[in-house]
Structures are given as structure tokens and as C-alpha cells.
Amino acid sequence: MAAAAARWNHVWVGTDTGILKGVNLQRKQAANFTASGQPRREEAVSALCWGAGGETQILVGCADGTVKHFSTEEGRFQGQRQCPGGEGTFRGLAQVDGTLITCVDSGILRVWTDKDKEASSDPVLELRVGPGVCRMRQDPARPHIVATGGKENALKVWDLQGSEEPLFRAKNVRNDWLDLRVPVWDQDIQFLPESQKLVTCTGYHQVRVYDPASPQRRPVLEATYGEYPLTAVTLTPEGNSVIVGNTHGQLAEIDLRQGRLLGCLKGLAGSVRGLQCHPSKPLLASCGLDRVLRIHRIRNPRGLEHKVYLKSQLNCLLLSGRDNWEDEPQEPQEPNKVPSEDTETDELWASLEAAAKRKLPDWEQTQGALQARRRKKKRPGSTSS
């Protein structure tokens, strides 16, 4: 039953307590999955990506340097492998042609054979991409191409099948009006579809577009949003704009053709850690330090669709690309089954709402009685005058 339920989850979220949470938005349920059976902060999930089997497998990068394999078909972990080397947590995770790609804070990018999940053999490739990495991102159209960037670590594009030198190395923007050097802090990266262009968001609230095919290595477009560091960026389904989130829970859509602000989304209360748009539907999934997963509709009518409190601080997410969200079969519940402690529902909030509705008529009756008493008190005074 757990395996069948896991198959239909719409969003997968990695937490600071080492729990992988699967959320079914149609049923308004969230289920917890751990490899050891207990939450452990030393296994905090810092990166997620789909495995070689598409959405039937999830690769879970943990703070202790392990990458776990989770089957969405069976609803359980199927093994793990150690990926040592470098310092810090995983800043990116990807797979291509049976190999696993990892990158950590200290700038060590490694490619591992993924045939034996329990093995801890030496990597088949190691690249030093520079310290202070904030993000490693794979190009969906060319899986052997990855991009890296971080704090005082400018954007670079690497070919894992080519040389150990980057294909593209971004150049910093010109000095500011005081002739002072502009600091570099790339927080997140995305590849634009059907082109070689990339978009980054920075810790200095800038959105920049780079074109490796152009002669210049500086950004071909730059826009700014707000006053706080931008922490995450995702492409909209059309590919002409991006949505960015910052450390104060603000979300905004930026047009990549003109660099102007298209609109904002409300509802978040903490730093944004993960953003992802559905590939075909106008939906945006977001998570962060306020421990709430939110699904926004990004096209008219723009607004909040779903909101799920998940108890732990949320670090990253994966949004299913399925189109048949509403058409999935409702599987029958087993009779007299005690709900699992790992399943979180909105029953409490539903009961509170129902109680509030029951109290509403009593409140109206009380208001009516008070108004009747006031009219009775006013009548003697009005006749005497």
C-alpha cells in the first residue's frame, strides 16, 4: 500500500533532518521516508535529482557524503554509495549514462560509476571547479554539460566528455561608479532551452543572462530584484522568464527578454531554498526555512493553490512532470487501518474550520439579541421627548 501511494506523489522534498518527504497534493497527504528508520541531522538532505529510470528513482544527496537510491515504485530506499572527497555538503547532483555526478562546497566535482551502488571505488573523473561553490547544474538537453558557480567563483561551463578546462568562463562585470570591483556570488544557475544561454541569480539580488556563443564573456542582460540575496531560480514553462526567490521569502517573475519585473507571488515567510516550475502546467513549487511546501499558480489567475506544513526545514525539492495530476485513480483505503505516524494530513485544520462554522450562527444570534435590547432601552426615552 505504501509503494502504491508513493508512486502517485507529486512533490518530493529533502529536509534538514535527513527525511525524504513525498507529498500527494490531491489527497493532501505527506509521507516520510528514511533509510535508517529514524531522522538524523547528520544525514540532512542537501540535493535531489531523478535517477536513470526517470521518475521511478530518486538520488538523494546527504550531508554525510552518501548518495541514497530511492524507488518511487516500491516506496523504499534500495541502497546507497559513499562519495567522499572535498569538504562541505553536496551543491549539485546529477546522473548521465550510468554515471553519478557530485559537486561539494569546496569545489570538487567528481564522476562515479553507478553500477555497484554499495561500492566506494575511485571516481572516473575529478575536476576542481573552484572553492565556495553554491550550485552545480546539469544541462537537460546535453546531460554531459554542467555549470558551476559560487561565492567569488564565477560561472563556468564544463564538458565532462572533453578536457579538464571549462568550455566557458564568465567574466566579472565592469567596476561600479566608484571604480570599485563588483563582488561575485552566483547562488543558482539554469540552462535556457534551445540555446546555449544560462541564467544566474546572485547573492547581491541580480539576475544575469550569459551567452557562451557571443564574443563577450560578461552578461548579455542584467536585472535586479529587491534588496536581499537571491537564493533560487527556476525557468517558467514558456522559457521566456524566470522566477526567483530570496532570503526574505519573496518570489518574483523576471522577463529574460527585457529584464523587467512581470509580477510577484505572496505567501512565503522564510528564506527560499528550492524552486521548480512544472514543465507544462503553470504551477510553481517552493520550499524553504518556514517548513511549508507551497504550490502557486503563476498564470492568471495568479495565486496560491496548495500549502502543506512539513514540520522540518526544507532544503530542496523535485516536482513531478506528470500531466495527469487530476486523473489519477483514488486507491481504496484499507479498513480499520491505523494511520501511520509518518503520514501528515490536514484533518486538524479541517476540524477547526468546521468548528468555526458551527459557532457562526450562535454569534449572529448573540448580536441580534444585543441589538434588540438596545432598541428596548431607547423606546422610553423617545416617547417622553
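Cβ coordinates are placed from backbone N, Cα and C, and glycine is handled just like the others.
Database features (Swiss-Prot):
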REPEAT    40-80  repeat 'WD 1'
REPEAT    83-122  repeat 'WD 2'
REPEAT    128-168  repeat 'WD 3'
REPEAT    179-220  repeat 'WD 4'
MOD_RES   SER214  phosphoserine
REPEAT    224-266  repeat 'WD 5'
REPEAT    267-306  repeat 'WD 6'
MOD_RES   LYS311  N6-methyllysine
REGION    323-385  region 'Disordered'
COMPBIAS  372-385  compositional bias 'Basic residues'
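Spatially close to the residue listed as 'phosphoserine' yet at least six residues away along the chain are VAL220, judged by Cβ distances under 8 angstroms.
Per-stretch counts of Cβ pairs under 8 Å to the repeat 'WD 3' (128-168) identify 83-122 as the leading one among 40-80, 83-122, 179-220, 267-306. Across the repeat 'WD 3' (128-168), the DSSP tally of helix, strand and coil residues reads 0 helix, 22 strand, 19 coil. Here the repeat 'WD 1' (40-80) is broken down by DSSP into helix, strand and coil counts: 3 helix, 27 strand, 11 coil. With DSSP classes pooled into helix, strand and coil, the tally for the repeat 'WD 5' (224-266) is 0 helix, 23 strand, 20 coil.
Beyond its flanks by at least six residues, the repeat 'WD 2' (83-122) meets 44, 46-52, 59, 61-63, 65-67, 69, 128-138, 143-144, 146, 148, 150, 153, 158, 160 of its own chain at Cβ-Cβ distances under 8 Å. The residue listed as 'N6-methyllysine' is surrounded by 15 other CB atoms, counting those within 10 A of its CB over all protein chains shown. In terms of DSSP helix, strand and coil, the repeat 'WD 4' (179-220) has 0 helix, 17 strand, 25 coil.
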